[in-house]
Amino acid sequence: LQFLDLIQEGNIGLMKAVDKFEYRRGYKFSTYATWWIRQAITRSIADQARTIRIPVHMIETINKLNRISRQMLQEMGREPTPEELAERMLMPEDKIRKVLKIAKEPISMETPIGDDEDSHLGDFIEDTTLELPLDSATSESLRSATHDVLAGLTAREXKVLRMRFGIDMNTDHTLEEVGKQFDVTRERIRQIEAKALRKLRHPSRSEVLRSFLDD
């Protein structure tokens, strides 16, 4: 897969995150979006470089596990543990761990990387101090698309969302903390946040993300 293809897959995942994110739950958008982006890129690589054939019944189980994982991620604001997944799916924890292991399919170290396909995936993971292409593509697509989307908001709306969801910051901020920054009440910040998120969901605002679906 070419690097730009990975970027495109990551942005498709980001668009899904924007569409499905429920801000009222109070969790960081960056955490939720990163999960979707990583899943989209990983799935794309696996589709192009599968080395082990998974039985149909196991694929169905993996799909169910992924679906429930997304639900629990939205509910808890973090990825669920195998123990939590086992409880929700009414399955033994050891079976959950087995499914998770199978889902992480081995990727051939000979998988071509780059426009000229003269490099291979193995070339990029020999030095563990370097960032993997997958992580690099995830980070770049999230930064780029998020910047473009927020640029369509007013300066105040964009700053409120950046502070609330920890975008380009070390941590997110509470309604009270953001309110102090703007010298307004927490309720006013809640209103600004809600209005900004409604704008992001409008087709005219999400065009920058939807364009990545066009061939």
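Cβ coordinates come from backbone N, Cα and C, glycine included.
Lifted from Swiss-Prot, the feature list:
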- 175-194: DNA-binding region (DNA_BIND)
- 1-51: region 'Sigma-70 factor domain-2' (REGION)
- 60-136: region 'Sigma-70 factor domain-3' (REGION)
- 149-202: region 'Sigma-70 factor domain-4' (REGION)
- 5-8: motif 'Interaction with polymerase core subunit RpoC' (MOTIF)
Taking helix as H, G and I and strand as E and B in DSSP, count the residues of the DNA-binding region (175-194) in helix, strand and coil.
17 helix, 0 strand, 3 coil
If you run through the motif 'Interaction with polymerase core subunit RpoC' (5-8) with DSSP, how many residues end up as helix, strand and coil?
4 helix, 0 strand, 0 coil
